[in-house]
Amino acid sequence: MRWLIVLVSIFAIIVGINLILDGVYNVGSASTARMYDLARDPLIGLLIGILATALVQSSTTTTTLTVAAVGAGIVSVPVAIPIIMGANVGTTMTALLVAFSYMGERREFKKAFTTAAMHLWFNMLVMMVLLTVEMLFHPLQNISGELAEAFLGAGDTSAPTTHVVQAVVEPFIALIGTNGLFGMAGSAGMATLLTLGTGTLLILVAIRVMSYQLRMITAATAHSLLDKFSLSGPEDTPHIGVRSNLIGFGIGLLFTVLVTASSVTVSSMQPFAVTQSLKRRVILAVILGANVGTTLTATVATLAVVGVYGAFALQAALVHVLFNVIGSTLVLSIPRLSQMIISLAETSAGIAARSYTNALIFILGFYIAIPAAVLLLYTMMN
């Protein structure tokens with residue numbers, strides 16, 4: 001029964017994306033693009049990604065909606081890149097908040113917070129480096145474009161399976177879209193608003209439902225694997241260390257692909273950190289795998305996009321994949337980077353443990369208050 005709900009959720013996500021596309025085509029991409037004008041500044045796009053993800057508590061949702069916007073032609077790939085990077089940072093808020101469930105005991109809190117902070121520092125450091133390089137040389141845009149073209153083939157604008165998906169989805173869009181039920185709302189503007197709103201809500205709910213169902217299916221298996229994995233041998237043995245990192249990365253990737261939420265994977269590492277049944281380097285490897293695993297949903301979502309913008313939607317999804325794969329590869333292959341992230345996380349946890357209130361204020365300020373204030377000020381000035 002749970003697997004049936006998962007399949008229905010995937011179908012609902014694809015329907016939601018098609019409703020968004022239908023709404024955009026009805027009002028015209030030029031009109032809808034005005035909503036995204038703010039994101040043309042890379043810093044503003046980054047803050048939009050952080051704030052949106054912190055509010056919906058799901059980078060998968062933010063990146064999927066961004067891919068849908070690219071597929072609708074209202075956001076270009078260069079504009080989408082900072083938003084996607086911001087989503088990667090915004091999703092780290094969840095595990096930081098979960099760490100406060102351990103605040104009755106400061107030692108346990110520090111261990112849990114260190115795990116969450118490793119997720120934050122990895123994404124922050126990779127974002128700062130890759131966003132700077134991207135603004136100067138555009139490697140992510142160029143490489144993702146080449147990969148999208150290689151996958152689709154020269155001249156093709158959508159994936160080979162897209163037309164099959166569309167044949168199944170199109171009757172639902174015709175029934176409830178701007179030319180169907182919502183088209184009877186009385187005005188084109190209202191029909192568009194209902195279509196866009198329903199599509200967005202459908203994606204939000206479907207991702208939540210799918211994540212919960214998959215979590216129930218896989219939780220016991222994942223924890224059993226990690227319990228067995230925690231008996232791996234001394235971390236300071238080079239052979240064991242490399243093997244442990246690779247196994248941890250694989251578990252993090254697989255579990256996150258199944259639950260569609262990296263924050264769930266990271267939060268589930270906190271009990272292992274508190275009981276010291278997993279070493280921090282191994283936990284970091286699991287977190288890196290989770291970051292790569294969370295890219296799948298947005299990539300699959302490109303199956304819903306047909307037409308001239310299909311290749312651009314796939315390109316935007318591949319940017320998300322490249323961001324996490326490049327960052328994870330660097331950290332796994334350079335031990336000093338791993339140690340730097342762990343050290344920064346431990347320092348952050350030590351500071352947070354001194355005052356729970358100040359730590360919470362900082363988290364809410366960093367993820368919500370500051371981005372919202374900057375966006376408001378930028379909007380007023382422009």
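Glycine residues also receive a Cβ, built from the backbone N, Cα and C atoms like all the rest.
As given in TrEMBL:
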- 6-25: transmembrane segment (TRANSMEM)
- 46-74: transmembrane segment (TRANSMEM)
- 80-100: transmembrane segment (TRANSMEM)
- 112-133: transmembrane segment (TRANSMEM)
- 246-270: transmembrane segment (TRANSMEM)
- 282-306: transmembrane segment (TRANSMEM)
- 312-334: transmembrane segment (TRANSMEM)
- 355-378: transmembrane segment (TRANSMEM)
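With a cut-off of 8 Å between Cβ atoms, the residues of this chain six or more beyond the transmembrane segment (355-378) that come close are 38, 41, 44, 47-48, 50-51, 54-55, 90, 93, 96-97, 100, 103, 109, 113. By the count of Cβ pairs under 8 Å, the stretch nearest in packing to the transmembrane segment (46-74) among 6-25, 80-100, 112-133, 282-306 is 80-100. If one looks beyond the transmembrane segment (112-133) by at least 6 residues along the same chain, the residues whose Cβ comes under 8 Å of a Cβ in the stretch are 42, 46, 81-82, 85-86, 88-89, 91-92, 95-96, 98-99, 101-102, 139-140, 262, 266-267, 269-270, 273-274, 280, 283-284, 287-288, 290-291, 323-324, 326-327, 330-331, 341-342, 344-346, 348-349, 352-353, 359. Here the transmembrane segment (6-25) does not lie next to the transmembrane segment (312-334) in space: the count of CB pairs under 8 Å, restricted to residues six or more apart, is fewer than 3. Within the chain carrying the transmembrane segment (80-100), a Cβ under 8 angstroms from the stretch's Cβ atoms is held by residues 39, 42-54, 57-59, 62-63, 66-67, 69-70, 109, 112-113, 115-117, 119-120, 123-124, 126-127, 130-131, 134, 140-141, 262-263, 266-267, 270, 291, 294, 316, 319-320, 323-324, 352, 356, 360, 363, 367, all 6 or more beyond its ends.
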